[in-house]
Amino acid sequence: MAWWNKLFGDPQERKVKKYQPRVAEMNALEAEVAALSDDQLRAKTAVFQKRVADQLQGVDLDALEIRERRRRIDVALDGVISEAFAVVREAAKRVIGLRHYDVQLIGGLVLHEGQIAEMKTGEGKTLVATLPAYLNALTGRGVHIVTVNDYLARRDSEWMGQVHRFLGLSVGLIQQSMTPSERAQNYAADITYGTNSELGFDYLRDNMATNAGELVQRSFNYCIIDEVDSILVDEARTPLIISGMVAKPAEKYMRANEVATALERNTHYEVDEKQRNVTLTDEGFIAAEQMLSTEDLFSPRDPWAHFVFNAVKAKELFNKDVQYIVRNDEVVIVDEFTGRVMPGRRWSEGLHQAVEAKEMVTIQNETQTMASITYQNFFLLYPKLAGMTGTALTEEAEFGKIYSLEVTAIPTNRKVVRTDMSDQVYKTENGKWQSVAAEIAEMNKNGRPVLVGTTSVEKSEVLSALLKEKGIAHNLLNAKPENVERESEIVAQAGRKGGVTIATNMAGRGTDILLGGNPEYMARLKLKEVLFPALVIDDEDAFSPMMRLLNNGNSRGTGFAATSKKKALPKAEIFPCELSESTKQQLKAAVDYAVAMLGADSQPALQVEELIAVASEKGPTDDPVIQHLREIYRAIYKEYQVVTDREHDEVVKLGGLHVIGTERHEARRVDNQLRGRSGRQGDPGSTRFFLSLGDNLLRIFGGERVAGLMEAFKVEEDMPIESGLLTKSLENAQRKVETFYYDQRKQVFEYDEVMNNQRKAIYAERRRALEGQDLSAVVREYIDQTVDEIVRAHVNAERPPEEWELPALIQDLQQLIPLLENQLDAVKLGEFSAVELEEDLKSQALLAYETREEYINAIQPDLMREAERYFILNQIDTLWREHLQQMDSLREMIGLRGYGQKDPLIEYKNEGYELFLQMLVEVRRNVVFALYHFQPQYNPPIDPDYVDSEYV
């Protein structure tokens with residue numbers, strides 16, 4: 001396509017150009033806005049809100065279809081865009097000392113239009129989000145900013161939240177440890193920061209609430225997703241599931257593990273690494289059945305197939321220190337994209353239990369799904385969705401087809417001068433690792449910082465051992481608990497002179513790597529070093545009491561070791577220099593003042609983290625503790641900055657940060673994220689990938705051609721080969737994998753779309769009952785439809801009355817409605833036409849309902865409404881759970897329809913629809929039955945003035 005671009009220009013450049021006139025308007029307003037006082041600047045928000053409200057006056061937005069609602073809001077906001085962006089730019093300059101560059105204004109416009117902005121590492125994505133967030137919050141309908149972990153959500157809400165608060169908007173933050181009331185309060189804010197999982201689980205929990213007071217979220221409006229590729233692509237196949245515990249057949253998992261251990265690969269079973277699946281051969285079935293003393297693994301009375309297949313998968317496809325680690329008698333999943341551990345996350349369908357049996361740890365209970373949704377369908381609930389990432393263009397087609405999101409590449413503020421060197425491929429793993437270690441040693445000799453990306457915990461430790469042999473000091477960042485708790489600290493100093501950092505999957509790491517080191521972060525760590533021992537409650541686990549839950553696997557989280565926060569302090573070598581005596585004295589005085597004001601050993605760790613975060617920013621504050629800490633923070637920062645600035649210049653002369661990739665990832669995007677760690681904001685840098693024929697990508701997706709070349713030329717194990725053919729083969733392999741996984745995600749989306757339509761319908765019905773919107777009318781509908789279904793089951797309108805099954809009809813109706821006992825006569829009913837019969841029975845059923853309503857409300861006013869709400873919610877929840885299981889079973893077996901020349905997806909849609917209709921029939925019938933049958937107990941109030949002497 002290069003000739004096309006030369007002829008017509010780069011389409012991305014053309015896209016960006018259309019925003020230039022708007023940016024020119026904003027720049028023209030800059031001097032005028034800068035002349036405003038703080039109060040005048042803040043008052044602009046109320047002016048904008050009124051102008052937007054005037055535009056929307058008389059429009060019932062909630063009554064509009066989603067696309068029309070978004071269009072109306074965008075038209076209203078269009079009149080204030082340039083002024084609003086100019087105001088946010090000035091506020092950021094005053095409050096946090098950052099001014100939006102023109103390219104960041106373009107990024108803000110792209111996000112406001114509901115697109116994905118591709119912005120390179122270090123280009124200030126976090127700051128860009130303040131622009132569209134402020135603008136869209138002017139409607140009062142709320143904005144959600146989504147990050148990949150709690151730490152980033154908290155950091156961004158504290159840091160960027162200062163800009164919004166300065167301008168008079170409220171800022172909310174959703175964290176794992178919050179109570180429902182705290183969540184509701186934070187969701188009610190103008191702008192709310194949170195993680196994708198917390199927002200998704202809150203949505204599911206809201207749709208399991210038993211009274212309206214438990215709801216925490218309001219209607220969705222606008223969402224900005226940071227690291228959008230990580231959430232909408234990498235996590236797309238992972239559903240959010242809320243489940244309940246069911247009994248575990250632990251002995252079956254243990255026995256199946258023994259069978260899997262005895263079975264041999266390629267004899268008893270075959271492994272498809274590409275599909276991540278296993279298949280038993282005929283010999284395998286026979287051997288397994290003999291070992292288990294059963295005639296059939298699929299026997300309904302004593303099924304074993306599910307357990308054996310999972311045990312073989314656990315043996316062959318799930319490796320310790322790659323897909324999971326073992327900690328505190330638990331199997332803890334490692335996120336393959338970020339390298340973080342995920343306590344509380346479990347593989348479903350018995351797979352986690354199979355891995356527990358393999359590792360001989362306690363086998364935990366199985367779970368039953370109560371509610372679930374994929375990220376794909378969750379984020380499509382927002383009328384307007386936008387995202388930011390450093391790498392999106394490689395997935396542009398997927399974003400367009402599944403999410404209807406356009407991708408626009410935002411130009412960098414300074415030209416990228418990084419050198420990306422060609423890949424080196426080695427015959428063996430050992431040859432590759434030796435060469436990586438040699439390259440690190442060469443760079444380290446000159447003091448040039450090196451960042452090495454690995455794909456698993458196991459491989460990071462192999463390299464770490466090699467570097468120890470060579471006497472090269474280095475930092476290790478992987479999912480092991482002892483490394484995770486120092487994550488930000490390790491990344492913050494990765495650009496120091498002579499620094500060597502080994503990291504497992506750098507995607508999504510939130511701290512910038514600055515050449516020479518990050519003085520701001522180091523100054524914050526210095527405050528942490530002295531404040532935590534003085535202020536934090538003794539023996540409080542990392543991130544407060546909730547962290548204990550995370551480390552026991554009872555909740556979801558981002559993996560920190562259960563180490564006392566007082567002990568989890570930065571190592572001394574991170575600091576660039578010893579502080580001067582006067583600064584040390586000033587620091588001691590600030591800590592003493594904080595202790596005097598707040599109390600020794602009295603604060604939760606999160607509270608102290610927040611104190612340090614606010615002290616290190618520039619927002620206005622009246623808090624004397626923060627004022628003292630801010631003063632000393634600035635003094636420490638200045639001393640550290642002298643050293644880091646000097647180191648920065650030295651590292652630039654050496655060539656900047658050198659990034660080494662030790663394996664090509666399945667997605668080019670993740671490789672690009674690793675490369676993007678070098679050469680940020682115009683700094684020099686270089687990258688190189690070292691590969692071997694044993695790497696998963698080459699081994700599974702077409703390394704035979706390269707292996708053949710190496711054999712033909714008798715290449716030694718420590719001799720690398722570089723060639724255009726090789727690079728092309730690797731890129732083709734990655735494209736194959738990307739296409740393969742895209743097809744899988746597309747299939748997940750298509751199948752979940754069936755569930756999504758059902759989910760929307762059932763949740764809407766549930767919300768109608770929960771919020772009590774005329775429950776009597778809902779129940780009358782249920783009665784009407786239930787009687788209709790019973791009549792049609794026994795009466796064929798095209799047949800004469802003599803052929804109607806009237807005795808059976810009467811029996812069914814009297815079982816449903818006891819008040820109709822002895823009220824129905826088959827002879828009289830036979831005199832009606834089918835239509836008249838139906839109308840007569842419906843009117844009798846409704847009369848019986850009104851009689852019941854009068855009787856029940858006489859016991860306690862409005863008791864009937866409460867009963868209706870309870871029975872509707874109870875039946876929807878119970879039958880929806882059963883329906884989810886049925887749909888899972890249908891999904892598992894529907895693929896076999898392909899062998900019968902039928903489209904499995906169409907079959908799934910049709911049969912799933914039938915199951916859903918049947919569930920709705922059961923919900924209605926069960927609710928009607930319960931309302932006609934339940935007997936409330938009458939408990940008369942006791943008159944305290946009356947005491948019967950007989951009982952004294």
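Cβ coordinates come from backbone N, Cα and C, glycine included.
Glu123 (ATP binding site) has a Cβ environment of 24 other Cβ atoms inside 10 Å. Summarising the annotation, Swiss-Prot assigns ATP binding site to Gln104, Gly122, Glu123, Gly124, Lys125, Thr126, Asp512 and lists sequence analysis as the type of evidence.
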Environment of Gln104, Gly122, Glu123, Gly124, Lys125, Thr126, Asp512, the listed ATP site - residues of the same chain whose CB lies within 8 A of the CB centroid: Met119, Thr121, Leu127, Val128
Other C-beta atoms that fall within 10 angstroms of the C-beta of Gly124 (ATP binding site): 17
Listed in sequence order, residues with CB under 8 A of Gln104 (ATP binding site) and six or more positions away: Glu123, Gly124, Leu127, Val128, Leu131, Ile410, Asn413
Three-state secondary structure, which DSSP defines for Gln104 (ATP binding site): helix
Packing count at Thr126 (ATP binding site) (other Cβ atoms within 10 Å of its Cβ): 17
List of residues, in chain order, with Cβ under 8 A from that of Gly122 (ATP binding site) and at least 6 apart: Asp512, Arg680, Gln681
Other C-beta atoms that fall within 10 angstroms of the C-beta of Lys125 (ATP binding site): 23
DSSP-derived class (H/G/I helix, E/B strand, else coil) of Gly122 (ATP binding site): coil
Helix, strand or coil at Asp512 (ATP binding site) [DSSP, three-state]: coil
